Amino acid sequence: MVNLRKAVHSFLVHLIGLLVWQCDISVSPVAALVTDIFNTSDGGRFKFPDGVQNWPALSIVIIIILTIGGNILVIMAVSLEKKLHNATNYFLMSLAIADMLVGLLVMPLSLLAILYDYVWPLPRYLCPVWISLDVLFSTASIMHLCAISLDRYVAIRNPVEHSRFNSRTKAIMKIAIVWAISIGVSVPIPVIGLRDEEKVFVNNTTCVLNDPNFVLIGSFVAFFIPLTIMVITYCLTIHVLRRQALMLLHGHVEEPPRINLDFLKCCRRNGTEEENSANPNQDSNPRRRKKKERRPRGTMQAINNERKASKVLGIVFFVFLVMWCPFFITNILSVLCGKACNQKLMEKLLNVFVWIGYVCSGINPLVYTLFNKIYRRAFSNYLRCNYKPEKKPPVRQMPRVAATALSGRELNVNIYRHTNEPVLKKANDKEPGIEMQVENLELPVNPSSVVSERISSV
């Protein structure tokens, strides 16, 4: 406890000296802190360099804080907001967990390497572990986006079949598969690095993956193949949505089977009852015929919801593509061209491009905030320390209606409506009749629209 107190005191002294621009500090605050705690000697393996070389890089701490905080807000929103409880948002929450771990475990160590001019300042056995975590979370990000793209395409293409396998448990199983693939890609790195340090060190000082075969195979498995699948399925999703919208606009959509009691007569004569029902396939009422010809509002609204959600996810895909492609393309070129390329230039480009990729982990919450009202409202509440979900207004339900169907009365009940309110039409009240209880009726307009609306709450 005494050693820890001395270490903290030493760290604060050096930090205050830095803030007042006393540049004669020979040992960095972080180096002094860790050195005092572990009390390492010059002959040990754990030895810091002489001092920090790049103090302006500390400004990157702002990016790290925003990345961690933004993704925590996403995780809280999906956990607390019932409107966000669907398969796509579960994937987005898992993606936010991966991005948050990038900010917690990967970006700080990368910043530390920059501060020491890319000379690894920590124990050498931590280098392959850090590279493995970097590959794990980067692979998890692209795999999540690929899985989201596939899941949404299947949901829009075959909504009924997808709804049978779209429970919360099935979504968790899909997410577990994504993480299993990501772990499988990253696990070989510490094994390779601990066996041969040359595979994870360049010039015996810089911690970077130095195995050409693994770089090539890993780049294709973890990035280019999932990226190709993601782009193809996203384009197919947009194509299906456009085709469905055009079919609705031109009236070439098949109406679902429905129950339509067009004409119901209840007669009571001399103790006998007769029921006559008109042919449901014939409709002589012109107003009713016009209503039939209208397009289903639920289906069109569902397609609009899907298109809005696809735009948001499309922006996420595009940002990921733009911010990670430079790194992976440069990584492949540095291996393929070998000594023919300027390796120092390649290293500098990779150092810049990898941080552009890291920034992508902090941009996704910003995309959700700008383009989704539910996320925006949730983030605003959480920043004001309001963690309770908003109470929904009471739902207006139709009371039970007691209708007396007189003898000879014409009771017209139309069940196929876009609301839950049955429609009772004219009656002849000259003769006594029977009493009917009309309950609340809830019939879906279109099964595909119901499924689609449940999916597209992004």
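Each residue's number is its place along the chain shown, starting with 1.
From the backbone N, Cα and C atoms, a Cβ is placed for every residue, glycine too.
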If you check Swiss-Prot, which of Cys23, Cys207 bonds to Cys127 via a disulphide? Cys207
Which residue range, 199-203, 309-313, 364-368, is the one Swiss-Prot calls motif 'NPxxY motif'? 364-368
Choose one of Cys325, Cys337: the cysteine that Swiss-Prot connects to Cys341 by a disulfide bond. Cys337
Do Thr237 and Met346 come out on the same side of the membrane in Swiss-Prot's annotation? no
Select the range from 129-151, 214-236, 348-370 that forms the most Cβ-Cβ pairs under 8 Å with the transmembrane segment (168-189). 129-151
Same-chain residue ranges lying at least 6 outside the transmembrane segment (87-111) that approach it to Cβ under 8 Å: 57-58, 60-61, 63-65, 67-68, 71-72, 74-75, 78-79, 122, 126, 130, 133-134, 137-138, 140-141, 144-145, 147-148, 151-152, 155, 166, 168, 170-172, 174-175, 178-179, 309, 313, 354-355, 358, 361-362, 364-365, 368, 455-458
In DSSP terms, the topological domain 'Cytoplasmic' (81-86) comprises 3 helix, 0 strand, 3 coil
Beyond a gap of at least 6 residues from its ends, the CB atoms lying under 8 Å from the transmembrane segment (312-336) belong to 88, 138, 141-142, 145, 148-149, 152, 212, 215-216, 219, 223-224, 227, 230-231, 234, 238, 343, 346, 349-350, 353-354, 356-357, 359-360, 363-364, 367-368, 371-372, 458
Counting only residues at least 6 beyond its ends, the same-chain positions whose CB falls under 8 A of a CB in the transmembrane segment (214-236) are 135, 138-139, 142-143, 145-146, 149-150, 152-153, 157, 182, 185, 188-189, 192, 199, 310, 313-314, 317, 321, 324, 328, 331-332, 335-336
